[in-house]
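Novice: Structure incoming, see below.
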Amino acid sequence: MSTLMFGQYIIRASEVFFETKLSMALVNLKPVLPGHVLVCPKRVVKRFYDLSPEEINDIWQSASRISRVIEKHFDGDGMTFAIQDGKNAGQTVEHVHIHIIPRKRTDYENTDQIYTEIEKERQPRTLEEMASEAETLRVYFKDNNDLIENQTKTTTTTTNHQLECINYQMSSSNKTTTTEQQPPPPVCSVEKGDDEGLFKFSFERSPTIKRIALLTSGGDSCGMNPAIRAFVRASLIKGAEVFAIREGYNGLVQDSIIPLNWGSVASIINRGGTIIGTARSAEFRTREGRKKAAFNLIKNKINNLLVIGGDGSLTGANLLREEWFGLLSELVQEKLIDASIPESDLGKLSIVGMVGSIDNDMYGTDITIGADTASHRILECIDSILSTAVSHQRSFVIEVMGRNCGWLALVSGLATGADYIFAPENPPEAGWEDVMLEGLERGRVSGRRCSLIIVAEGAIDSNGNPISSSYVRKVLEEKGGYDARITILGHVQRGGVPTYCDRYIATRMAVEAVNYLFSKTATCEPMMIGMVGNRVVRKPLMACVKETQKIGALLKEKKFKEVVQLRGPLFEEFSDIFGICANLKRMNSPKKNYNIAILHSGGPSPGMNPAVRAFTRLGIDAGFGVYGIFNGFNGLAKGDVREMTWMSVNGWAVMGGAELGTNRSVPNDSNIEAIIANIEKFKINAILMFGGFNGYVGISNLYEYRKKYKQLEKVAMICAPGTIANNVPGTEISVGADTCLNNILDALDKIKQSAVASRRLFVVEVMGAHCGYLCAMSSLTSGAERAYTMEEGVTLKSLTADLKMFSNRFKGDNRIGLIITSENASSTYSTHFIYSLFKEEGKHLFDARESILGHLQQGGNPSALDRLAASRLMNQFVKLIDEECIKKGNAVAGCIGNIEGAIKFTDIEQMKLEINHKYRRPENQWWLPLLELSRRISVSPHDDNGENDPCEVAKEHQDSHNLTVTSPTIYSQSQINSNPQLTL
């Protein structure tokens, strides 16, 4: 267990608020100004020129991120960065450190005075003052202090993105002299979390040709094929040679390694499972088996490996890497490989991992590949079961997968309004049978016609005894007298067509895996690619695996609270929300003399009803009076306001549409006095608008009326995003967009299947008004060759180039093309114009069809993600009102939304700055760079460039037919005997 030092001083555990692998940030013992902090390397280095390149890069990246937080937290309007390098420069602690100081115009008459103030002797603060400041700042960086190997830990418990920090105390009583530590191995960009890190990929070919292999191992999960497709094509764009290892580690041991090209992964993006097969290998677990694997990789000149699987698969990959040099040495001794190989580039094996698991059980990532599709399948089944359960007043026990992880049980229970959940992480106490029956009886008495219990296959009680679905049914029937049925969903959860979310995260993570392999140095440790919110992140692979494997031991030790915390903040938050909404673990706060009301504005969005359900029940539990406003701002003006009760929203968790109603009215001079009169009549203290762009305009208008009507100054006004178009400020993702994109992909998959028999180009229009989010995301996750949005524009030049591209493709073996247009992409080049142009110009090569998807995009039951996101937003709204309005007395105004994986509040003035009123969308849209990615990985560079040598184009097509093609929907192939049971 190592000790961190600041020069000659030992660092203790209460004043470090930020850590990376190489750097740390400390609150200051003697700050010049409030917010004055220090950033330094963990290695004790006296002078700046002694830092390694990796340390220099890391310390300045850390300083950049910390400065943004410090400036905002301490209300600064500028920053000072200072380094005193050497004793004569004023350095008092012989350890390189950067002073970060938030500045205000009123600090000094002469702004440069700060540099002399740094050198002056100042009064030290108390340990309590320093610890308090560090605790406050640590919250902003809760996902940066994790996964630090060999760190000292305090007794404070950990969360998924927050390992306990090792902190410091500069005190003369514990001065210690230490020898300078050796620099740790460099870490390759462990974190990516700022706006610039949302997507970054260079499409330029690398001057170095890498040979890269990928394998899928362990249980399959939907999303593996989209990951394979994106990884192969991004690697080919970079100039790599790519190979598939068939049947997991078995194929690695048995030399089942085949080359891949662009056509090898054509049209697999909508296919479940993995086209390269997966298996568990007993032989690879032996050193002799791993020696065979090493030999086969060397034989194929491969030293870069992507592994998609669970923690066991990733552990196996790392073990192979750790043994690599020794295995090669043994192969040299056995004269199986040349003696020069261990010292060549092949002497080092680079590993990158992606987690494919429906259980979402890996530490270090919010979501794993396959988890969303599994949740989607479960919800489809339960939504169907509920109708028959209600008809017969039955109790249903649904068993879902999750041997050691209750994620699927938890999210399906929350998203369907289940009465009870049994999961390994939250086991019930002894006597749970009677508690469950009492709760179910209360529900029946209050008006529920059915009962729903979700059981994870690995469910246990607090003593570690298994709880089976059959035993739960027995309790219901024999002790409760209920008519009960069991449905074991089984492997239906693992298969099927991948959802939008799984296609999206698989594509993003796969491209980042290519980024890592082309940017790493030889000494970089293996990385796991994961998602935190909407950000792709890199985390040290084995640190994530080790934290994940701790959970099994903690379950055996019955340390369930620690297990929940290791599962991460999302698991913990969803557990709390479910406990309240299911009436199982209520806070039962005392009644407050404070009323909150919710309304919708704008178009209908899937997720509105789950949001109102969570708003009502969480609000009642928190002690608020809860009101529903029907038909938007117009309903508020007319007094169409009703108090909501616990059972008012029974069954709303699964419902599409908007039971409160919605329209596009906004506060204006003609209705504002009526609106104010009803706010006063119903004593409404806070209004939550859950809806789209019109609602944000409506709240902005209502806020402006504060200047004229003082009554509004005491009314909190909050917006929350509920729109399929994802065109509102203060959030990266809106509730409803996920359901909409799943509807679009379902339609696109059917459209593509309809064209198998002929050469046909489809031009499909999607919604979005002036925002191209739906167009861009559906293009990225459907494999469309082109997407036309207003943000990028449509020109005659681009249409001509695209016509040439499609002509090149249809001259070969391509049998289908897909263009997606946003409904207002161009006022001149409309969807119908584009269709007519391609139909006329391509009539000798291909036919063209036009399809406008229309309002089917807005309908249907909400997806799992939208139900969960709606509940999470409402939970944070209730907390915001309690903290800001009740405790501090602030009538806040602004919006809440999902930013960097957290629900954050944006002040209304900032919100208004982010609105582009002309085009009814945010000023800055994070997803725009993904349009380029969508184009690049959907069309071969040969097809996308009409100037290529026709012989090269022909060779590319010929190469693509030398491999066995497997999907029943491989539209680019000429063979007619596709077998869906074959793999590559």
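For all residues, glycine too, the Cβ spot is worked out from N, Cα and C.
From TrEMBL, here are the annotated features:
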- His97: active site, tele-AMP-histidine intermediate (ACT_SITE)
- Asn28, Gln84, Gly90, Gln91, Thr92, Val93, His99: substrate binding site (BINDING)
- 1-110: domain 'HIT' (DOMAIN)
- 939-966: region 'Disordered' (REGION)
- 95-99: motif 'Histidine triad motif' (MOTIF)
- Tyr115: site 'Important for induction of apoptosis' (SITE)
Novice: In this structure, which of the binding-site residues Asn28, Gln84, Gln91, Thr92 has the fewest other Cβ atoms within 10 Å of its Cβ?
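Specialist: Lowest Cβ count within 10 Å among the binding-site residues (Asn28, Gln84, Gln91, Thr92) is Thr92.
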Novice: Cβ distance under 8 Å to Tyr115 (site 'Important for induction of apoptosis'), same chain, sequence separation 6 or more: which residues?
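Specialist: Correct list: Ala82.
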Novice: So, by DSSP, how many helix, strand and coil residues make up the domain 'HIT' (1-110)?
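Specialist: Final tally across the stretch: 27 helix, 30 strand, 53 coil.
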Novice: Among the recorded positions listed here, His97, His99, whose Cβ has the fewest other Cβ atoms inside 10 Å?
Specialist: His99
Novice: For the substrate site (Asn28, Gln84, Gly90, Gln91, Thr92, Val93, His99), what does the 8 A shell look like? I mean other same-chain residues with CB within 8 A of the CB centroid.
Specialist: His97, Ile118
Novice: Could you check which of the binding-site residues Asn28, Gln84, Gly90 is the closest Cα neighbour of the residue listed as 'active site, tele-AMP-histidine intermediate'?
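Specialist: That would be Gln84, nearest by Cα distance.
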Novice: Have a look around Gly90 (substrate binding site) and count the other CB atoms within 10 A of its CB, chains all included.
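Specialist: So the number of other Cβ atoms within 10 Å of Gly90 (substrate binding site) is 15.
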Novice: Consider each pair of residues in Asn28, Gln84, Gly90, Gln91, Thr92, Val93, His99, all listed by the record as binding substrate, and report the largest Cα separation in Å as a whole number.
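Specialist: Of all Cα pairs among the recorded substrate binders, the widest measures 16 Å.
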